[in-house]
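Novice: Reproduced below are the annotations present in TrEMBL:
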TRANSMEM  B:12-30  transmembrane segment
TRANSMEM  B:42-62  transmembrane segment
TRANSMEM  B:68-88  transmembrane segment
TRANSMEM  B:95-114  transmembrane segment
TRANSMEM  B:120-139  transmembrane segment
TRANSMEM  B:151-168  transmembrane segment
TRANSMEM  B:180-203  transmembrane segment
TRANSMEM  B:223-247  transmembrane segment
TRANSMEM  B:253-274  transmembrane segment
TRANSMEM  B:295-319  transmembrane segment
TRANSMEM  B:339-360  transmembrane segment
TRANSMEM  B:405-429  transmembrane segment
Amino acid sequence: MRRKQTQRLDSNKSILGIAYVFVGLFLCLLVYFGYFLQVRSQTVINNSYNARLDSFADRIVRGEILSSDGQVLAQTTVADDGSERRSYPFDSLFAHVVGYSDHGKTGLESLANFYLLSSHVNLVERTANELAGDKNIGDNVVTTLDVGLQKVASDALGDHRGAVVVIEPSTGKVLAMVSKPGFNPNTLAQDWDSLISGDNTKAQLLNRATQGLYPPGSTFKIVTMLAYIRQHPNTWQDFTFDCDGSYQVGDYKISCYHGEAHGHQDIRQAFANSCNGAFASMGLDFELGGVRTMANSLLFNSELPISIAYSKSSFVLAEDAGDWERLQTAIGQGETQMTPLHNAMITSAIANGGILMKPYLIDHVESAVGETVQKFLPASYGTLMNSAEADTLSALMRGVVTAGTGSAVRTDAYAVAGKTGSAEFETGKETHSWFTGFAPVDNPQIVVTVLVEESGSGGKVAAPIARKIFDEWFSR
Amino acid sequence: MTNVIIEVSKYVLIFLMAVYTYLNFSYFRFHDVWEQNRTCARQNVMMFFIHLIAYAILFLKSEDERVVLFYLAQLVFFTAYIGLYRLFYRNMSRILVNNMCMLLCVGFIMLTRLSFDKAIRQFLIVAVSALITWIIPFIMDRVWQLAKIPWIYGFIGLGLLVGVWIIGNNSFGAQLSVTIGGIAFQPSEFVKISFVFFVATMFYQDTDRRTIILTTAMAGAHVLVLVLSKDLGSALIFFITYLAMLFVATTDVLYLLGGLLGGCGASVLAYHLFAHVRTRVEAWRNPWADIDNRGYQITQSLFAIGTGGWFGMGLYQGMPYKIPVVEKDFIFSAISEELGGIFAMCVILICVGCFLQFVMISAKMQALFYKLIAFGLAVVYAVQVFLTIGGVTKFIPSTGVTLPFVSYGGSSVLSTFILFGVIQGLYILKKNDEEDEEE
């Protein structure tokens, strides 16, 4: 009897113990559920697969998209008969980055869909509207975009196909994003069929800044340089190369741009003059695993920390890569492909002491009467390189402008650091022209990345376009 | 105008539900029968108001007169069930019956909104189940041979599972049900209960090494057949229930730790051996990567819950039908979307309240047999609720089990009625004993 009594007590202790565990599990579940509702849900539900958001439009007039200084980039006007029309006062200027909201949603129209279709005007007014059966006015989204820079960038690019990205490196704010050729979102409905037609080779709907994949050409020498520094931490400064215009390895030959012979080059000169032979020789020397890891940590083959549609850049250098692949990859040809945005992000990390700030487009959301609903703060993605490496690359890139291929952005008004690129993509065609850089070199305010398709050398085409953007910024 | 009514009623429903839930827990404080009865009566008031308001909205939105009739039929059912149960079993647990009715009520509301036909079917099943299981406490009071036939429970249960595994219908890649005479049965729902009886009778007889080995082998066989049938949720329920019961019967922590370690090992093994296990885990880790396909259901569920937010969209204002099989495994997401996150949290708390009631009854039972049964069923219930709600909120990988009393499905409803009936029977046994002692 006594034994039975104790056993029962013990059983009850076990029962309570297990009950506590379960209650604990349910508490975790409740906390997680609350966290999801309060914190996670906004990011989760703003997804094009969430059909629920569309039904919000039945009760809310879509809000406006504004530039950083409050100019209207997209607005909805309601006619007397209640019909709504979305219009874009700048026509094609912001076509890709602001996007469109009929025919599916792209750009900011997609990214900010949830905010545009939420209303935070006061409760009394909202209830009154509900009672009267009227729609409420959705919130406005204030972007980081700068109308002045966007205009200059777009004009400078002119009729070329290509893209421009301007980022503030210390915050990640995207100040301008241009892609050409563009389209007019105001006449999208009329133009739609011809835009998506199979005969159309211009791909106007593609946002080349974030989705266009191009061989990086000599702008990739920034990456090759970093790899070389990491693999030769004590001796990289002693690198020299004698350039006679082409570099012969076995049956393979790497030529400098237009076969120019650079003569005896130290590391700074080789970088400034963009000597293909010198960098190709570094490629022969690559420790493959380390280079791949580094490329991935610089966000090749990786998701980019940005919310609008983009393409993943690719870097391929297989374990059994032969000399040819090594030579080509080191000078940014080969199979490497990257987007202008990605190039701007790497440059931005260099300008910001190695730390990449996540690029973002929405500064804050405000109600129709101007009260801030939600503010977005700069957020760091992480350290892409240490600050010594960033300083080294920064100095080398300064050399490109003062004594190399980047003379187009050489000026006494401000000090630019940058890298040009002329990327071959098809024999017999002009090269894609690249420039990526930042200024002022001591205290970087903006990063500018320019890509011009099939137009010639980076120094002659892309760099002058960047120059106009820097001029605009520093004339203020 | 209707929009405004729905908007306002949303908050009223949440308020009533919160009060109901509060009463559910404040009940634990009272030892005085009169206070307990008063709490239960208040709960009834809350429930009937929730029921009335919700159906008023369902009618306003659907403008279907059948909704009114359906409401009246439910009203009669709830009143009769609550009233007659009390009349017949003087010593029954009122709060348990209240919670049953509340969960059923939430289920009816959501099902009516999702599919009127399914709601009607569900109601018929509920009515029949209520009638059949009415008798359980009566039987338990009189037939004490229940404790003597372990192998009957064991082999019937295992036989049913093996049967389903071999000839079962395939739904969503798992063998869960058999169709007999046009009606699909999901035997695992019932085997859960026979399994608890099996383990309880075995350990009631003895807890020596031989019995433990035999029982463990049998339990392992159950779990294995379920894993092979790809019914991972049920496999997990059986496994955890067995471990918990073994621990309580032997009070030996080593068994619990050993079992948990073994379970972890088995999970890793299953992950590498079975593609369907990997699929579930992948869909949980990153459903966004395969949003069109494997991640579709869970992401739609998260959209529903997230878009609904704390206060919900209001009945008929959301799109719960976008979630595949929303009326079964994902009903919780529909509740959260339209009635609100707070309301949904209350549903979780009511379930936790039921679990705690079960555990208290188990702790109070004198005989180890009854203690084990109450406890085993408590664990079955808790694991099931945790798996379904954790699954649809992406807290844990989705395992495809139903939310008892709320989800649509005949087997689920009937088996849950049996489960609550058995617990109710134990409660009544205990109360009757206490009364006898006092005399």
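Don't overthink the numbers, they just go from 1 along the chain as shown.
Cβ from N, Cα, C; glycine included.
Explain the structural surroundings of these features, please.
Specialist: Non-local neighbours of the transmembrane segment (B:95-114) in the same chain are 20, 24, 27, 36, 39-40, 43-44, 47, 50-51, 54-55, 58, 67, 70, 74, 78, 81-82, 85-86, 122-123, 126, 315-316, 320-321, 326-327, 331, 334-335, 338-339, 347, 350-351, 353-354, 357, 404-408, 417, 420, 423-424, 427; each lies 6+ residues outside the stretch with a CB under 8 Å from one of its CB atoms.
Long-range contacts of the transmembrane segment (B:151-168) within the same chain, counting only residues at least 6 positions beyond its ends with a Cβ under 8 Å from a Cβ of the stretch, are 175-178, 187-188, 190-191, 194-195, 197-198, 201-202, 218, 221-222, 225-226, 228-229.
Tertiary proximity for the transmembrane segment (B:295-319) is limited to same-chain residues at least six positions away from its ends with a CB under 8 Å from its CB atoms, namely 3, 6-7, 9-11, 14, 54, 57-58, 61-62, 109, 113, 283-284, 286-289, 325, 330, 333-334, 336-344, 392-394, 398.
Long-range Cβ contacts of the transmembrane segment (B:339-360) within its own chain (Cβ-Cβ under 8 Å, at least 6 residues beyond either end) map to 10, 13-14, 17-18, 20-21, 24-25, 28, 93, 95-96, 99, 102-103, 106, 109-110, 305, 308-312, 315, 332, 374-375, 377-378, 381-382, 385, 389, 404, 406, 423.
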Novice: Could you check whether the transmembrane segment (B:405-429) and the transmembrane segment (B:68-88) come into contact, where contact means at least 3 Cβ pairs under 8 Å with the two residues of each pair 6 or more apart in sequence?
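Specialist: Contact between the transmembrane segment (B:405-429) and the transmembrane segment (B:68-88): absent.
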Novice: Between the transmembrane segment (B:68-88) and the transmembrane segment (B:120-139), do 3 or more CB pairs sit under 8 angstroms, pairs being 6 or more residues apart?
Specialist: yes
